[in-house]
Amino acid sequence: MDSKLPSSVRSTLLELFGQIEREFENLYIENLELRREIDTLNERLAGEGQAIDGAELSKGQLKTKASHSTSQLSQKLKTTYKASTSKIVSSFKTTTSRAVCQLVKEYIGHRDGIWDVSVARTQPVVLGTASADHTALLWSIETGKCLVKYAGHVGSVNSIKFHPSEQLALTASGDQTAHIWRYVIQLPTPQPVADTSQQISGEDEIECSDKDEPDIDGDVSSDCPTVRVPLTSLKSHQGVVIAADWLVGGKQVVTASWDRTANLYDVETSELVHSLTGHDQELTHCCTHPTQRLVVTSSRDTTFRLWDFRDPSIHSVNVFQGHTDTVTSAVFTVGDNVVSGSDDRTVKVWDLKNMRSPIATIRTDSAINRINVCVGQKIIALPHDNRQVRLFDMSGVRLARLPRSSRQGHRRMVCCSAWSEDHPICNLFTCGFDRQAIGWNINIPALLQEK
C-alpha cells in the first residue's frame, strides 16, 4: 500500500526505526555476552568451592559470593540497557524538538552580555533587553530592529520590566539604582519574516566555541532614539540592584539588591515604603504576583521568601528552604504555585499553602538561571549555564529542548527566558552572554500532544 506520509517524514521515520533496530541488536549481543560471563563465573566458583586461598568455603559462603558477583553483572546489564535506550529516546526528543521549537528571529546589537529579556504587556508589544554594556534596548519583535535605547545608567543593566498599562520601563542596575523611564514607539509596518530555522541532523548539534559569537557591524542602536534621563531614580540601596518588578496595578515597585535587602517604593513619590530584610546573603531576583500584592525574593542564602502586602497595615513573610545552593530565581504561576530555580541544578514547584516540601522537583545537568512560566499553558522554560534551554510542565515532565547547533541557538550561558503567549510570531524569548536575544516559535499544542 502506498504511504500517505510526505517523503521527508517517511525517510526520517525509517532512519529512526533503523537506529532502534541497531540499538536492540547491540543490546541482544551484549546480553548474550553478559550471560556467558555469568555462566563462566558460576562454573568457576563451583569448581573453587572446596579450596579458595587454602580455606574451606561453606555452601552459604559460596552462594553469597556467587550471588554478589552475579548481582554486579546484573547491574552492569541494567546500566548498559538504560544507557542504550536513553540514546533512542534522545534521538526522538531531538527530532520532535526541532519540529515544535523553531528559531524565528535574532536580536543582535548589544556590546556585552544580556542579563534579562522582557515583553511589553501593552500595545505596541515590543521586546526589551538589559545588558552589561550599561544600556537597555527595545526591539521590534517582527523585524528585529532596535527602536529605543536607554542610556541613563552608569553600570550594568541587570533587569528590565514593563509597566502593566503604560509605556514605562523599569530597569535595575549595578550603579545601585533602579530607573523608571518613558518610551514612545510607533511600530513600522511589519515585513514578512524569513524562516531562519534550519533543518539540522542530530550530528550537527555540536558544541560551539565560547568565542564563536555573532558579528556586530557597528552600533545598530546608534540610529534609534535614545533616552538618557529617567522619570524617577530609586536610590536607597547600598549595593548592586540585581532585579526590579512592578506590583499589580503599577503604582509600586520592588527592587532586590546585593545589599541583602529588597525595597518597596511608591512610584509617584519615589519614597521608600518598606525595606524587606531577613536574607543572609545577596539577593539574586525578585518577582511579583500578576493579580495579588505578593512578592517573592530569592537569594544566595539558598532560600526564597514570600512577602505578603495584601493587608496594608501588616506585611508577613514566609521562608522556603528546599535548595542546597544559590536560588537564582523564583516566579509566580497562576493560582497558588511558585517555581524556583537554583545553582544546585534543580527546579522545584511549590504550593503556597504547603511550604514544607515541593510538589514537584526537576533535576538537570547544569545550573539554572532566570526561569519563566507560560502562565496559560503552565510550561516552564529553563535557561542553563551550559547553553541549553529546556521546557518542562508543572509536574516535572520534560517536553522539549530548544535546538542548538553551530548554526543556531546560544553560544554561551543562557541568562533568562520570557514567554509572550499571545504573540503570533514569537512566543518565547531567550537571552545570553553571547550578546544576543532570540525569538522562538513554540508550537504549544503539538508540544502538549506529544506529552
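Our numbering is plain: 1 for the first residue shown, then up by one each step along the chain.
Each Cβ is built from the backbone N, Cα and C atoms, and glycine gets one as well.
Note that TrEMBL annotation is computational and uncurated.
Remember, predicted model here, so these are calculated numbers, not experimental data.
Residues or ranges marked as repeat 'WD' by TrEMBL: 107-149, 150-181, 234-275, 276-317, 320-360.
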Tertiary contacts of the repeat 'WD' (234-275), as residues 6+ beyond its ends and Cβ separation under 8 Å: 116, 155, 158-159, 161-166, 168, 170-174, 176-180, 281-293, 295, 297-299, 307, 309, 315
Distant-in-sequence neighbours of the repeat 'WD' (276-317), which means Cβ under 8 A and at least six residues beyond its ends: 239, 242-248, 254-264, 323-332, 334, 338, 340, 342, 344, 352, 370, 375
PLDDT averaged over every residue in the repeat 'WD' (150-181): 98
